[in-house]
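K.L.:
Quick one: this structure, given as structure tokens, is what I'll be asking you about.
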Amino acid sequence: MKHSVLAGLFATGALAQGGAWQQCGGVGFSGSTSCVSGYTCVYLNDWYSQCQPQPTTLRTTTTPGATSTTRSAPAATSTTPAKGKFKWFGINQSCAEFGKGEYPGLWGKHFTFPSTSSIQTHINDGFNMFRVAFSMERLAPNQLNAAFDANYLRNLTETVNFITGKGKYAMLDPHNFGRYYERIITDKAAFASFFTKLATHFASNPLVVFDTNNEYHDMDQQLVFDLNQAAIDAIRAAGATSQYIMVEGNSWTGAWTWNVTNNNLAALRDPENKLVYQMHQYLDSDGSGTSTACVSTQVGLQRVIGATNWLRQNGKVGLLGEFAGGANSVCQQAIEGMLTHLQENSDVWTGALWWAGGPWWGDYIYSFEPPSGIGYTYYNSLLKKYVP
């Protein structure tokens, strides 16, 4: 989820030119449609164009507000779907990463940890994976390769152990957007050191899943590849060989742009062959997940078909690690269509996770926190249809 980072991204829209990898077009976009020198505005879909390096083989926009010049339509259906059940279906747990910029912050004031009673409620309903967001700055204060903070690690471990002690999967989500103290992570050795310590701590728990980072964005594409590979290598070298690893892509790891933005990630290698490509998808006009309005009843299906084809063509499997929609009939139909498509293609889609639960979400438009979260009260009965 973009959180306040999204606001910062849109705030740059009034600049004269879009920076490297930033948005430069799309329905409802009001920022600059030109890019800095060496980059060109590339059409990805009707809602999102991005400043990408030249030369490029992708189709580009020509004038501000214009549609792309030679855009081909996405495939209407994927090939050879395989119906079945999901391996994982669950809920994001978001609260330990709250209090952005308040580091280390105070537990109970700036951040908290998930409610085990709420997680138990979800487990009782059949959900079997929980993606636990946390802050790298709190776990490794001041330096990315620093020793872990004992108190924060203990609280994180207690949450993980509660989930896995019930026989369910706990995904460790460094919710940092490829950044550390607001700066893009470029020190691959320090990044690897972080994952060496994290994997060493959890290596004996086979129900732990490692996520390399939440929603890389506006970054050099090769750097995104290198950070993912560094995390994979560090996790395996630390002895965590039985666990799955989730890799994420650039452009907020969006499913709707994956096949044209993150194609190089197909070359990632895991000696244990347990990589899962995690994508996120929201259904509002700009895909940001900040509105209760969905574009149409078909938008969910439309936005994941390209990713389905990419996974199958490259022999990969994926997880929709974040999705949500407003509490209304249009979004409900869009979500149901999207989830049904993923389930019908369960040879390449391992599952999906709603964004988000957590005790501090209050009246947030997608809150899945029992008993009264808006998303929970509106969507729980629907989502239970898809649990493994």
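We number each residue from 1, going along the chain as drawn.
Including glycine, each Cβ sits where the backbone N, Cα and C put it.
In case it helps, Swiss-Prot gives these features for our protein:
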type	residues	note
SIGNAL	1-16	signal peptide
DOMAIN	17-52	domain 'CBM1'
DISULFID	C24-C41	disulfide bond
DISULFID	C35-C51	disulfide bond
REGION	53-91	region 'Linker'
REGION	56-81	region 'Disordered'
REGION	92-388	region 'Catalytic'
ACT_SITE	E215	active site, proton donor
ACT_SITE	E322	active site, nucleophile
K.L.:
Note the mean pLDDT of the domain 'CBM1' (17-52), expressed as a whole number.
P.N.:
68
K.L.:
Among the disulfide-bonded residues listed here, C24, C35, C41, C51, which has the most company in the form of other Cβ atoms within 10 Å of its Cβ?
P.N.:
C24
K.L.:
Indicate the candidate from E215, E322 with the smallest number of other Cβ atoms within 10 Å of its Cβ, considering only these active-site residues.
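P.N.:
The active-site residues E215, E322 were compared, and E215 has the fewest Cβ atoms within 10 Å.
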K.L.:
How big is the Cα-to-Cα gap, in Å, between C24 (disulfide bond) and C35 (disulfide bond)?
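P.N.:
If we compare the Cα positions of C24 (disulfide bond) and C35 (disulfide bond), the gap is 7 Å.
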K.L.:
May I ask you to report the DSSP-based helix, strand or coil state of the residue listed as 'active site, proton donor'?
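P.N.:
In three-state terms, the residue listed as 'active site, proton donor' counts as coil.
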K.L.:
In whole Å, how far is C41 (disulfide bond) from the residue listed as 'active site, proton donor' when you measure between their Cα atoms?
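P.N.:
C41 (disulfide bond) has its Cα 21 Å from the Cα of the residue listed as 'active site, proton donor'.
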